[in-house]
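Comments concern the structure below.
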Amino acid sequence: MSNASSIVIFSLSGFNATVNYRVTLFSLTLLSYCVILVLNVSLILTIILDKNLHEPMYICLCNLFINDLYGTAGFYPKFASDLLSDVQAISYVGCFLQIFVIYSYVLVDSTVLALMAYDRYVAICQPLEYHSVMSVRRTAVLVALSWLVPFSSVIIGVTLTSRLKICGSHIEKIYCENWAVVKLACSSTKANDIYGLFLTCIFIVVGLSIPASYVQLVKSALKSREGRRKFTQTCVPHLLCLLNFSVAFLFDLMYSRYGSASVPQSNFMAIQFLLIPPILNPIIYGLILTKIRHKVLHLKKTVDLENVTVV
């Protein structure tokens, strides 16, 4: 990094409002993270170990759950540690690492959800061509791109920010956020602004492809009872997860850009895109998708029988 500033540590002032509730918040944070780990790891193993679930839709789901684990790992351990610490700070390198993890998590979630929308579009609107369009090879390529494109995009953004001369060390958040660091720069941020606008436009196009797919899905689903059944079983949970993630992240993004000091952002609203989607995604898909629900219940019965046998 070619940053010409002498900043080596950033302070996180978002914890000021949590002084009187740190033990309670730590307990809730630990509980939430354990729930996220158990739910997502359980469904990842279920999909990997059951060959009947080695289909494009479930492969995409597996990647969604893996990404949830990846994103929360970049936030929860540091957040829990800060709650018990008298000083909430993060190193220069640690800050940029957290920015990379959280931003790549958000973008991977967006691309995987878009890929899932495309998969459902082909399955319902072009059922006879589904296996040729969503072949194993093409699915593997699309999944790889859903990770590589966001990672490459975030690397460029983090590199541009790391080249800025930073003249402040006070971040008014409970985690490191790219725009908050850019606002501390005392050198030109034009390149960051242009790249940020370009990246936003690209992912808006990706985001708009999802409702466009669902317009066609609804039209096709209404034509037959089987189409309505498929839509209800596989598309409704996807829409719920998409709405949940989009609202949570867009709120934080808009506040970061246009929020004012006179309207402070609550800590919960600041992290809900890191808290709610990783918990709700496995719950929604685990309860609604028949194949996954039956497999999880079967595994539970098997474990219970083994425990009884051992006793």
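The backbone N, Cα and C atoms fix where each Cβ goes, and this holds for glycine too.
A quick note: this is a predicted structure, and the numbers were derived from the prediction, not measured.
Here's what TrEMBL has on this protein:
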- 39-285: domain 'G-protein coupled receptors family 1 profile' (DOMAIN)
- 27-49: transmembrane segment (TRANSMEM)
- 56-76: transmembrane segment (TRANSMEM)
- 96-118: transmembrane segment (TRANSMEM)
- 139-160: transmembrane segment (TRANSMEM)
- 194-215: transmembrane segment (TRANSMEM)
- 236-256: transmembrane segment (TRANSMEM)
- 268-290: transmembrane segment (TRANSMEM)
Residues from the same chain, set at least six apart from the ends of the transmembrane segment (194-215), whose C-beta lies under 8 A from its own: 107, 110-111, 113-114, 117-118, 120-121, 153, 156-157, 160, 179, 235, 239, 242, 246
Contacting positions for the transmembrane segment (139-160) when only residues 6+ beyond its ends and CB under 8 Å are counted: 56, 59-60, 63, 96, 99-100, 103-104, 107-108, 110-112, 114-115, 118, 178, 191-192, 195-196, 199, 202
Per-region confidence, the domain 'G-protein coupled receptors family 1 profile' (39-285) (mean pLDDT, whole number): 83
